[in-house]
Structures are given as structure tokens and as C-alpha cells.
């Protein structure tokens, strides 16, 4: 599942694949702003047929947080 999520993050954010790790922070490591994060979440929601509420998204700081949320709610 991580590989598919990683692929979607790379596509939606336009960043290098090697930057996307489970520990990568969206703000600190990937320099993602709120608009980019919103676009990424839309892609993930479509791909995995899961809804990520804004209040949950605000708690997600790393790629690993997103992976775990999707695993738990799929």
C-alpha cells in the first residue's frame, strides 16, 4: 500500500520519489502547502475510496500518518 500512496504523492505534489518516506514530514521535508495537501488528499480519497476529514488531515504530519489512516479506514 505504501508504494501506491507514494506514487500518488509523487504525482500530485510533483516531488522526487526518493523524498517520499514513511518518516517524511509534509511541511518540513516535502515543503507541502495546504493547497498541495488538499490536492493530494483528493487523489488518495479517489484511489482508495476513503474519506479523510479535514480535522483528521490536520493531525497528519508525515507520510506514515497518511498510510496508517488509510489502512485503518479502508
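Placed from the backbone N, Cα and C atoms, the Cβ positions cover glycine too.
Quick look at what TrEMBL lists:
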{"type": "DOMAIN", "residues": "1-74", "note": "domain 'Carrier'"}
{"type": "MOD_RES", "residues": "34", "note": "O-(pantetheine 4'-phosphoryl)serine"}
Treating G and I as helix alongside H, and B as strand alongside E, what does DSSP give for the domain 'Carrier' (1-74) in helix, strand and coil?
45 helix, 2 strand, 27 coil
Can you tell me how many other Cβ atoms are located within 10 Å of the Cβ belonging to residue 34 (O-(pantetheine 4'-phosphoryl)serine)?
11
